[in-house]
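Features reported for this protein in Swiss-Prot:
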type: BINDING; residues: Arg26, Phe27, Ala28, Pro29, Ser30, Asp62, Tyr178, Arg196; note: L-glutamate binding site
type: BINDING; residues: Cys118, Cys120, Tyr131, Cys135; note: Zn(2+) binding site
type: BINDING; residues: Lys237; note: ATP binding site
type: MOTIF; residues: 29-39; note: motif ''HIGH' region'
type: MOTIF; residues: 234-238; note: motif ''KMSKS' region'
Amino acid sequence: MALPEHLQRHLEAGRALTAAGGYRGRFAPSPTGLLHLGNLQTALLSWLAARQAGGAWLLRIDDLDTPRNRAGAIEAIQSDLRWLGLKWDGPVLLQSERRGIYHSWLSWLRRSGRLFACRCSRRELADQPIYSGFCRQAVHNWGWQRQRLPSWRLRVADDDPHGSGDVVLRRADGFIAYQLATVIDELSFGINDVVRGADLREALPAQRSLFAALGEAPPRFRHGPLLCDASGQKLSKREACAGLKPLRDAGLDAAAVIGRLASGLQLVAPEARISATELLEHLTQQAINAVIS
């Protein structure tokens, strides 16, 4: 089935941005709470990679999962980045303002016969690292389970080299899935290099499968180290991390915080005080790339 004209225009706009040359990166936090130091460390690394390459760095807010969003978080994210000197290019991109385009892609994929309804419960899926394809394989007599709203999955060949299994594009609660929104946004805005936290490495197979299904080349995905708490657990916004406030209340300025973040990445000596701009001038592309895998 041919791609509708308005979706083709979106793809062509993204291709034009990529074809123009140059690095195009982004930072894409979700507004489920304040940015903790781990988020800010990733933001710094992403910003450094883009600026060292002389490229663009966009700020996208992944706010589709509205029940989890926290009031005031979008404004706080922007305020913290500005305070640290991590300036982005262009307007802030809100995924919540792009629901129409995501649903258009979902509708086209569904009409093309590339999606199927999945009524497996979370409990049934819990022991499947890769989806078994149960709902794809046959028509089942669901009985009362037919009343359960389905998720919609992309059919992925069993021999797909990315090993993702069938990818959820719309969740059973009706929300557009992270994978679909992310892939469409990378294409729409011509993103060609993504630096993000290592916890998102597990999203790579699904995203690469979706790029392949759309016939589009993925960006280069790279991952920076995670910042963990004293128990070795990844910091989480949902666990009421206080973000920058305790540091600012203790009298630390932006240079001290940038120094702490850069020291955690082994880019500067411990206790260094350095602004984001000074750090950028201090580092080579090789030094930044050495931290990213």
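Using N, Cα and C of the backbone, Cβ positions are placed for all residues, glycine too.
Distribution of Swiss-Prot features across the structure.
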{"residue": "Arg26", "record": "L-glutamate binding site", "Cβ within 10 Å": "23"}
{"residue": "Phe27", "record": "L-glutamate binding site", "Cβ within 10 Å": "26"}
{"residue": "Ala28", "record": "L-glutamate binding site", "Cβ within 10 Å": "21"}
{"residue": "Pro29", "record": "L-glutamate binding site", "Cβ within 10 Å": "23"}
{"residue": "Ser30", "record": "L-glutamate binding site", "Cβ within 10 Å": "20"}
{"residue": "Asp62", "record": "L-glutamate binding site", "Cβ within 10 Å": "19"}
{"residue": "Cys118", "record": "Zn(2+) binding site", "Cβ within 10 Å": "21"}
{"residue": "Cys135", "record": "Zn(2+) binding site", "Cβ within 10 Å": "19"}
{"residue": "Tyr178", "record": "L-glutamate binding site", "Cβ within 10 Å": "20"}
{"residue": "Arg196", "record": "L-glutamate binding site", "Cβ within 10 Å": "21"}
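A simple way to gauge crowding: the CB of Cys120 (Zn(2+) binding site) has 18 other CB atoms within 10 angstroms, across all the protein chains here.
The Cβ neighbour count for Tyr131 (Zn(2+) binding site), using a 10 Å radius and every protein chain shown, is 19.
Those same-chain residues not listed among Arg26, Phe27, Ala28, Pro29, Ser30, Asp62, Tyr178, Arg196 yet with C-beta within 8 angstroms of the centroid of the L-glutamate site C-beta atoms are Arg60, Ile61, Thr182. Cα distances from Arg26 (L-glutamate binding site) to the binding-site residues Cys118, Tyr131, Cys135 are smallest for Tyr131. Of Cys118, Cys120, Tyr131, Cys135, all annotated as binding-site residues, the residue with the shortest Cα distance to Arg196 (L-glutamate binding site) is Tyr131. Across the structure, Tyr178 (L-glutamate binding site) and Tyr131 (Zn(2+) binding site) are spaced 17 Å apart at their Cα atoms. Taking only the Cα positions, the spacing between Ser30 (L-glutamate binding site) and Tyr131 (Zn(2+) binding site) is 26 angstrom. The secondary structure of Tyr178 (L-glutamate binding site), as reduced to three states from DSSP, is helical. Look at the motif ''HIGH' region' (29-39): DSSP puts its residues at 3 helix, 0 strand, 8 coil. Taking only the Cα positions, the spacing between Pro29 (L-glutamate binding site) and Tyr131 (Zn(2+) binding site) is 27 angstrom.
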